[in-house]
Amino acid sequence: MRAEYGRLDRTEMGIWECIELLNEFIDDSDPDLDMPQIEHLLQTAEAIRKDYPHQDWLHLTGLIHDLGKVLLHPSFGELPQWAVVGDTFPVGCAYDECNVHFKYFNENPDYHNPKFNTKLGVYSEGCGLEKVLMSWGHDDYMYLVAKENKTTLPSAGLFIIRYHSFYPLHKHGAYTHLMNDEDKENLKWLHVFNKYDLYSKSNVRIDVEKVKPYYMSLIDKYFPAKLRW
């Protein structure tokens, strides 16, 4: 998947174009939300903006954190929801028992492979999450898009995008033995963000046209006008 999507040769479009593309989807894995993605993105961003008015990078991160879900779109291969949304986890080391549906991991050949089924597996203590291969999903795809298109978001913003579905880490505290010092600093911001990602969802509609100019100014600040996807 990383080889296939890492070429970023699907299309060129701006961030807001991608947001509008996502508007066609409702995430089946989200039990709380019965509305298109654009509403959730803006709810998250606006809730953060209210509490952290001076952290504009965090407002934008809230807006774009789920844009990797364009993988569901026909022009991106129309991947099934199970391959795009839901919790992510490291591969190449033992699966922690806090992983969702843990009992099914024993059907994965890696579970029985002595190279991969120890606590560290192919990694070393404190190696840093940058060196850890995660299960594929919308997080890693959007991280790839942002990084390769030379975003100027701080590393905490990229960390949030890349690991917001890594619930074993930020909800259960698993896999911390793989983190380095920068990861530990960035995790603090992920904990801040996660509160809004989970609990800002409501059925109160946001006036998209009213808030759009503010977010367009942030997109211009941190991203090129067109990105390769």
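Numbering starts at 1 and runs along the chain as displayed.
Just so it is clear, glycine is given a Cβ too, placed from its N, Cα and C backbone atoms.
Annotation source TrEMBL lists Fe cation binding site at H40, H65, D66, H138, H164, D197. Note on H65 (Fe cation binding site): other Cβ atoms within 10 Å of its Cβ, all shown chains, come to 26.
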So around the Fe cation site, H40, H65, D66, H138, H164, D197 aside, which residues have their CB within 8 A of the centroid of those CB atoms?
L41, T44, K69, D139, S165
Just going by other Cβ atoms within 10 Å, which of the binding-site residues H40, H164 has the emptiest spot?
H164
